[in-house]
């Protein structure tokens, strides 16, 4: 219910608003205090104070102000409620934001679509997906019409909660009701299909959005490349990459990571190296992740020498190998039965990886496989002291008996294509 206000109340509210805009918060507080006891309709003044606090980045003071006035029974407009919850959320004050939301519901304040959207988004960012769903259900039960933002946010809620069916359902409900879904909603849906390894559905939706006149953005292109990457469909990933460039988008680090993954998973190792080399030529910063997607697959294929060569390229690129790269190397040594090299590698890196469960477990298995019990017990003691459990499902030489013949395994690899050349 909207309450009317007198002209003098509007003028005072505007003065508070101007103080907030000029970051004169204490002056705004003095103006509010001077008129608070003599004003019957405080809603407009109350909203102006919330606005002043948030403009001055005083989210906690805004929250305390809200709590104090709420106890007095003073109402807040949907706009101010949204403003406060949004400000608290932006500064990761999720507990306070949730308190405002529940207090508002308990008091049965009248809210609009924007307020509900703000509440749902706050719970999404807080990781409280069940609460986000509950807020949406309340919104629907009160017959408050969802907007494009509502549907887009709920797609993200279900997608992040790994409830793909509900995300699809929400997407389809929006379309059936004629809600004009934007590029962001399509991008999110394509991303969730990709993460679920449903590359056909992702591809179909990617084509559908373009048929409906919605152009993919930079992120959407990268996500579609990534969806093909996890499926090992590097030819399709290449096509999307070239379409992206034709549309005027320049690839960035994320794009190249997806493309390198596509080539690596598809065993097109030479192309993966060329993608990394292209990054260097274009002045795009390399990261350990770009090398590790290649290392991971090479290790699984038992191509240990190639792993060692790529690992060496990390240093040439000015990068310090991270834990993930070290894991990939040790996995390659262990599963290929290269015990001596694996132990040597572990002893070189031990000082920086003692808290990693996988690496320490591999070292334990490697030492035990050659009867080095003293070393094994030393590793085990370190793990026990650090509270790290041993991974028991690891097997030294697990893949050495199943590797393909070298000529076949190396078919997709050109050793002449070093990253520097």
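Note: Cβ is positioned from N, Cα and C throughout, glycine not excepted.
Predicted, not measured: the structure shown is a model, and the values here were computed from it.
Features reported for this protein in TrEMBL:
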REPEAT    112-146  repeat 'PPR'
REPEAT    147-181  repeat 'PPR'
REPEAT    182-216  repeat 'PPR'
REPEAT    217-251  repeat 'PPR'
REPEAT    287-321  repeat 'PPR'
Outside the repeat 'PPR' (112-146), six or more residues from its ends: residues with CB under 8 Å to it: 78-79, 81-82, 85-86, 88-89, 94, 97-98, 101, 104-105, 153-154, 156-158, 160-161, 174, 179
DSSP residue counts for the repeat 'PPR' (147-181), split into helix, strand and coil: 26 helix, 0 strand, 9 coil
Summary of DSSP states over the repeat 'PPR' (112-146), given as helix, strand and coil counts: 26 helix, 0 strand, 9 coil
For the repeat 'PPR' (217-251), the number of residues DSSP places in helix, strand and coil: 27 helix, 0 strand, 8 coil
Model confidence over the repeat 'PPR' (287-321) (mean pLDDT, whole number): 94
